[in-house]
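S.K.: Before I ask anything, here is the structure I am working with.
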Amino acid sequence: MFLTFSLAAFKIVQGCIMLNVPVFRLFIYSCCLVSYVALERDFNIPAIAKYFNTKGRYEEVNPYLREDIFAVNTSSVLSPSDQCEARYLTAIVRHGTRYPTTRDIQEMQKLYGIILHNATGEESWLQEIQTQWRMWYSEDMDGRLVQKGVDDLKHLAVRLSKTFPGLVSEEKLRGGFIEFITSSKHRCVNSTLAFKAGLTGLWGIKDMEFDHAVNDALMRFFDQCTRFIEEVDNNPTAMSELDKFKEGPEMKRVQQKIADRLGVPYSLITDDMAEAAFYLCAYEFAIKTVNSPWCRLFDEVDAQVMEYANDLKQFWKRGYGYDINSKSSCVLFHDVFTRLEKAVNENKSGQQVTEAVTVQIGHAETLLPLITLLSFFKDADTLMSTNFATQTQRSFRTSRMLPYAANLLFVLYDCGAGDVRLQPLLNEQPVTFPGLSDPQASMPRYQDVLERYRDLLQGCDFEAECQLFKHPVEL
Ligand SMILES: O=P(O)(O)O[C@H]1[C@H](OP(=O)(O)O)[C@@H](OP(=O)(O)O)[C@H](O)[C@@H](O)[C@H]1OP(=O)(O)O
């Protein structure tokens, strides 16, 4: 559509120039320029970018940010009426855009070798990979944060200051009322530094520095939950549905189509090679914002299959597949509600809430078990190797939940006369606590939320849940 408009506008401009019609020419010329810029921007976005799972950009989840990275939608997060005031905010944030992990880089290098030495097609995109594109990824990159990832967190910090000016403020930061907690992984520590830099840069703060606490018990709880490690992480049969899907007809067809496009034997394009090609398209876009020739190896149907395979991995490794996946996040769940309860009590006694904002920076596997524990994005049907065709409308879709810089926010509002409300947001958009019937479900009463999660609040004991062998009841 943009192409047609641009070409038509260009023709009009040509005519105007020949007729020397200045004002009209200027107007049309500017329209042509605007549509060209839009065209250029949209052409830069791979058609399959919305299927990149946890390798996707934040901008594809909130497309309005492509126009203005600092845009906020305050109408959707303002309090339910004028008398409500935001009193406390906790944000659990995934790190920003990163390099591939070493394992993925090794697979990418293997695929690049196949294309250099075996591919026989004549298409221009293949020639571009074979003669112009260079393998620039190296194993030492191993998931480190890239500059785009620094920008992701800086921009998020600024947007949150615009959305919650009474909480994410210079006064609160300087007063020590904003706490930072991070995973020990370099991509998370550097994301924390970037978030802080976004705020100090916004307010021109050069005379102060702000601490952050490294806390893997909270941000990498999955590393310390013995039952998860034994029954899922280290259990080769735990990913059986993913393994079966990778051997199934849908993935086989994707592999064959890639092999046909490259003109290589089917035996060379394994499911790992298909994943490596998909990741190359995703990383070239996320890190460099280029629509690389690697994306030409997939059509939309192929991309949906690749997306489903990764959602199967996340479902069974971090999501609803096994109860221990979500129960391993009990420590983080209780931490969140302990902070909320403290803020409610301080607010009730008329005190200033000592900690106005908590920013906790972790991983996709920090966020997803907690999202699962709270029953967000739970579908009626389990994701299986055999039901891809009926899952196209599933709500458990990591491409929408968990892009780089994904963030789960809980905002506490004081609405006067003891009316305290709690608003959940995912990626800056309000979400509804599952199972709450409150008409203002995106801004429910805090007490109703406590009631909804009463069983977890009274139970969900990390030590008990993560014990490998439940001790037999003493007879
Ligand atoms: O497929 P890779 O190796 O990239 O998987 C990574 C995880 O990346 P994700 O699957 O979430 O895109 C990485 O999570 P991140 O949020 O830190 O990017 C995780 O830390 C890393 O261990 C790999 O997870 P895996 O489950 O061990 O494959």
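Cβ coordinates come from backbone N, Cα and C, glycine included.
All annotation found in TrEMBL is predicted automatically rather than curated by experts.
Reproduced below are the annotations present in TrEMBL:
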- CYS84-CYS415: disulfide bond (DISULFID)
- CYS281-CYS295: disulfide bond (DISULFID)
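Help me see these features in their spatial surroundings.
M.R.: The DSSP secondary structure for CYS84 (disulfide bond) is coil.
Under the DSSP three-state reduction, CYS281 (disulfide bond) is assigned to helix.
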S.K.: Counting all other Cβ atoms within 10 Å across every protein chain shown, which of the disulfide-bonded residues CYS281, CYS295, CYS415 scores highest?
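M.R.: Counting every other Cβ within 10 Å of each candidate, the maximum falls on CYS281.
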S.K.: Which of the three DSSP states, helix, strand or coil, fits CYS295 (disulfide bond)?
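M.R.: Helix, per DSSP.
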S.K.: What is the total of other Cβ atoms whose distance to the Cβ of CYS84 (disulfide bond) is within 10 Å?
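M.R.: Its Cβ shell of radius 10 Å holds 18 other Cβ atoms.
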S.K.: Sorry to bug you, but what's the C-alpha spacing from CYS281 (disulfide bond) to CYS84 (disulfide bond), rounded to the closest Å?
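M.R.: Pair distance, Cα basis, whole Å: 45 Å.
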S.K.: Cα distance, CYS415 (disulfide bond) to CYS295 (disulfide bond), nearest Å?
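M.R.: For CYS295 (disulfide bond) versus CYS415 (disulfide bond), the Cα atoms are 50 Å apart.
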